[in-house]
Amino acid sequence: MATILFPKSVVLPIRCTTEGEQPKSINNNNGYSLFGVRPPRPRRIILVRHGESEGNVDESAYTRIADPRIGLTEKGMKEAEECGRNIKKMIDGDGVEDWSVYFYVSPYKRTRQTLQHLATSFHRRRIAGMREEPRLREQDFGNFQDREKMRVEKAVRMLYGRFFYRFPNGESAADVYDRITGFRETLKSDIDVGRFQPPGQRNPNMNLVLVSHGLTLRVFLMRWYKWTVDQYERLNNLGNGKMIVMEKGFGGRYTLLLHHTEKELRQFGLTDEMLIDQEWQKHAKIGELNYDCAMMNSFFTHFDDECTVT
């Protein structure tokens with residue numbers, strides 16, 4: 001009779017023999033469970049906006065250089081390096097030895113350059129990997145841009161609404177939301193299967209870093225936390241080379257209120273309702289629903305309860 005050897009990563013479905021009986025774990029010779037044991041979630045998801053770009057200091061650059069080929073200025077390179085040092089300092093503060101980072105990066109030149117300079121703070125053994133992710137690209141404003149026409153379009157966008165206005169031959173923030181939804185599902189799948197660390201070497205001290213663009217990162221947060229269009233439109237852009245940190249809370253969900261102060265988040269644009277939800281995210285378990293949602297309490301005006309931050 002032939003012997004079948006299963007690799008560490010194989011998960012075997014096991015049928016319960018009686019109703020309600022819980023399946024038992026099967027282990028290979030190395031002690032790794034073959035029954036669907038999820039790996040630990042990363043400690044953080046760190047969102048980084050690219051450093052100062054040529055387009056940030058001279059909008060006419062977009063009229064002669066394709067947006068994906070816009071690079072960083074010298075100042076932008078220094079901002080990226082400073083961001084890398086800040087990320088490493090934050091992780092070092094955890095006081096653990098087995099930490100690592102994994103990068104997702106927009107394919108645009110300025111984001112790739114940001115990652116290259118940011119990553120100089122990390123030794124090779126600390127970098128678990130990187131992936132170029134086109135869905136993290138900048139909002140498409142429509143190929144080569146006419147400077148004066150773009151100023152008019154941006155003014156019209158403010159009248160029409162920042163989320164729904166679509167640039168001619170380009171995208172709206174709503175279009176970006178659709179592709180970020182697909183990326184979010186990929187990211188969640190990567191987290192669930194522990195794609196960042198090989199079996200047998202998984203630990204909770206992984207830090208994911210997304211290097212992208214201001215609008216794209218705001219839309220990512222909107223999608224992750226299910227913020228409304230109105231809440232999105234109140235958000236302020238991150239500065240060049242700045243980061244916002246989603247950190248794993250006490251129940252396993254990600255919250256902005258562990259790394260950031262309430263004051264910082266208010267400056268970013270979070271309202272009372274959003275802060276109440278972030279406080280809930282800090283303590284909630286994975287899969288739990290917020291049945292006392294502050295957004296619902298304020299949307300339905302016939303409720304007596306008022307949302308306040310204490």
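Using the three backbone atoms N, Cα and C, a Cβ is placed for every residue, glycine included.
The active site, tele-phosphohistidine intermediate annotation in TrEMBL covers HIS50. The active site, proton donor/acceptor feature in TrEMBL is assigned to GLU138. The substrate binding site annotation in TrEMBL covers ARG49, HIS50, GLY51, GLU52, SER53, GLU54, GLY55, ASN56, ARG110, LYS149.
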Response to the item:
Largest C-alpha distance in Å for the substrate site residues ARG49, HIS50, GLY51, GLU52, SER53, GLU54, GLY55, ASN56, ARG110, LYS149, as a whole number, is 26
Worksheet entry | GLU138 (active site, proton donor/acceptor) and HIS50 (active site, tele-phosphohistidine intermediate), Cα-Cα, nearest whole angstrom | 11
Item to complete: Determine, to the nearest whole angstrom, how far the Cα atom of GLY51 (substrate binding site) is from the Cα atom of GLU138 (active site, proton donor/acceptor).
Response: 14
Worksheet item: Out of HIS50, ARG110, which has the highest number of nearby Cβ atoms, where nearby means within 10 Å of its Cβ, if these are the recorded positions?
Response: HIS50
